[in-house]
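Annotated features, as they stand in TrEMBL:
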DOMAIN    39-286  domain 'G-protein coupled receptors family 1 profile'
TRANSMEM  24-46  transmembrane segment
TRANSMEM  58-80  transmembrane segment
TRANSMEM  138-162  transmembrane segment
TRANSMEM  200-224  transmembrane segment
TRANSMEM  236-259  transmembrane segment
TRANSMEM  265-288  transmembrane segment
Amino acid sequence: MRNHTELCEFILLGVPHTQGLETLFFVLFSFIYLFTLIGNILILTAVVSSSALHTPMYFFLGLLSIYDMLFPSVTCPKMLSYLSGQSHAISYKGCATQLFFYHFLGSTEGCLYSVMAYDRFVAICQPLRYTLTMRPGVCVGLVLGAWMVGSLHASILTYFTFRLTYCGPNQVGYFFCDIPAVLPLACDDGSLAQTVSSTAVGFLALMYWFIICVSYVHIGVAILKIRSAEGRKKAFSTCSAHLTAVLCAFGPVIIIYLQSTPSPLLGAVVQILNNIVSPMLNSLIYSLRNKEVKKSLKRVFLKVVRTSPE
């Protein structure tokens, strides 16, 4: 970032065309955010407390729960602050930090979905090699690789966005600092930054989606080859929660990039679904559709009840 920029802060205007609904949105988003934190903390507690869940599949699920708590925390607290009547201002560095962590956590979580799809592919298509292929060192290496990809991706986008000079209007017509909302405020030509951001985000999304699709095509073929109905049902049940979460995560992104004429209101609604609602749904999906997680949560609950003072 250039030290000689004249702007020291931006003003977040919020969700477009929703003036007068601040109180309603504050109550709604507060509930969703709180539910998201509680739900993912419960899943993380279930994974950590049960030795039966100390497997690669649940190791990745525990990490996903952490990301689902951090991702909405990038945008939601500031949004709740100005919805409650506090200042809409965000510092220049705060805006850059928000943009960085939004893309870092978003791209890292997308990579984690791909890793989880690969894990299910190995478990179902190569069960005899699963223990060797998904050994602890490999799992940690895959997670570190996801962090590196996310960090590089976010660093590039943040650099190209904030290397520009911002010296004019500072009102961001959005509820957080995202590239399409910030770039129009630059005094320099932002076409290069726009091209780089669109290419990088589109490439990563397509790469993650390709890995997931290839994995599930092979999984689908393998499931169809299972002769017993019970075996097919068991194999499918191990993938259904992850597949549902993937559709909830990638659905909003696909909608954004398929718009021929982008609508600010539709874009904001889709981003809210992606940033706030999807992390909440993940906790519901994995707690309601996964028997092992439900059993672990039940044991934790019973243990807390028994140890609580009368």
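Cβ coordinates come from backbone N, Cα and C, glycine included.
Between the transmembrane segment (200-224) and the stretches 24-46, 58-80, 138-162, 265-288, it is 138-162 that has the most C-beta pairs under 8 angstroms. Below 8 angstroms of C-beta separation, residues 12, 14, 26, 29-30, 33, 36-37, 40-41, 43-44, 47-48, 90, 98, 101-102, 105-106, 108-109, 112-113, 115-116, 119, 139, 143, 175-176, 245, 275-276, 279, 282-283, 286, 292-293 of the same chain, each at least six residues beyond the ends of the transmembrane segment (58-80), sit close to that stretch.
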